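Beneath this line is the structure, given in structure tokens, with notes to follow.
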């Protein structure tokens, strides 16, 4: 094996990114230590996919934080069915539907928040609350509806939930598919006038919310910006462009990132 | 519309219409089962193939799979079908077409002439009768060459899309991965970034970063930020340095609508990029991505199997003379392609269908962590596709995309592919790498010394931060 020595500054480029750079080469190929690093990370990501959401804990936490909260389940009975049948993950099971329909408030909420396991329960458990808690202060005057904790859920389950609650917007905080360096990345999906049958082009997405990615404060600012723009525009989706002042936000993000590394 | 019957082993199988026949004849995959259109037994699958073998190609001109009146993709396919190119195969059945494609008579030149006469649905149909080795053998005979600032698709060449994504679109982080990719000799297909947000200001900033670098070091390649086509049009209007227009596309009008696009919008974007006259050796300005399952995922498949939908997406692509078409084969997840075997099969089908239709096919050889697949499966598909003559693959640092959260092929993998088949880079890019001291006269990577120009660039990045 001839391992190419990686001299500075090549090796030092790793300071700028968590991407797998400057790994060296064994011939043309990956050196053994880098190969095993990769395999360990993949093993962890595979494990994250099969982790079960601690829904009752989230429910308690929502109530402690002063939100009204309830738990629903999609029509996918377990993880195996969830992976093979995304259509069932986009529909409520019958008891959940009845429960939601029964609790229609007199006043239509401006927003319903949904915390969903998606493909990483870990992400929902770790990041949904720290983000959620920042939102009321950023949305003065908005009527925030119940927080719905959803098990075996896909993004579009939020459409049916938001529709049942007659919310003006639904915001789904959902575990993204685990990557090797991020088994716990949270995605935020924003949809106006939610109801079953909305398409992905009618949503806006904020991705990779976690301390090492887009941090809570930046994500909350972006979400508030999008919500306020969407309210003015009367819609979400491809027509709604993100012109928020990202340069300032990004500097903040970079600082946060360096503080962690 | 007529139904098809096939007797097989003392049983009669009935297939209601052409799309049902095609779906039942498809090799097994989870997406068709999810849609409820897959064959219910292995015998039914073969019975469907037996009926498909007898079907004259001309039949595809008389029965549209999605109505002409309500689907602009069908209209595009029918209205642009070249009946003169079709003449030499018009007397064949689907079964005959397989035999003909495998015969020496169907050489590179003949296949290129026939391409405009082959409808996407015909390509899909014949692929269902073909084994993996057939898909490789025929694709290898199809040559397609495209150009922008370099020449992609020449025989004996393999290009790489350098994919330096970063979870927060940090310009320096992206720059670090980009530099690493170039030092591995990657980036001749495109330097293409998937941004983490839709923000136009970030898109423009990234475009400028790559373009400044490209101009400074005279890199003969093209850049792309893979954002929605409406964003790219806005970027052009703002005077941003847009080389290529990216868009995800699918095989039905409704699926495209779910992506927020239609043919008119794609045309508008193509015109916007062409108006900039930025290509130096050619003006193929479109970069499309596709993948089996996208139409079903948008509930817009009209009962078609996912592989036929995918071939129709290539029907859309070829109307725009793209520089690159990338089937992102394992990205969509296990509900469409369950495991390594299905991903490998789909990758070979997509590459074959695209090439047969005359497209510059590349493949993002990839999988997600919820699919039953791993890097060994990617090694297999990579090896098969480079034998088949794939135009380009992805180059992702360590095969781990830290923004999109999936695994693809790495810079190292591209070196492996070049080594086993002695594949060279795009000629203009190859010369540039030698000039920059990255490769020697045989195209082998040199030991990079700290005095190398790109290393000095890295040093400056480090000093600036």
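The backbone N, Cα and C atoms fix where each Cβ goes, glycine too.
Since this is a predicted model, take the numbers as computed values, not measurements.
Same-site candidate for substrate binding, as annotated by TrEMBL with B:161, B:162, B:163, B:194, B:364, chosen from B:268, B:289, B:441: B:289. Ranking the binding-site residues B:163, B:194, B:247, B:297 by how many other Cβ atoms lie within 10 angstroms of each Cβ puts B:194 at the bottom.
In the three-state DSSP scheme, residue B:297 (adenosylcob(III)alamin binding site) falls into the helix class. Taking the Cα atom of each, residue B:163 (substrate binding site) and residue B:403 (adenosylcob(III)alamin binding site) are about 10 angstrom apart. Spatially, by CA atoms, the binding-site residues B:195, B:247, B:297 include one closest to residue B:289 (substrate binding site), and that is B:247.
Proximity to chain A, defined as a CB-CB distance below 8 A, holds for B:403 out of the binding-site residues B:161, B:162, B:163, B:194, B:195, B:403. Taking B:247, B:297, B:403 as the binding-site residues under consideration, the smallest Cα distance to residue B:194 (substrate binding site) is found for B:403.
Between residue B:297 (adenosylcob(III)alamin binding site) and residue B:364 (substrate binding site), the C-alpha separation comes to 19 Å.
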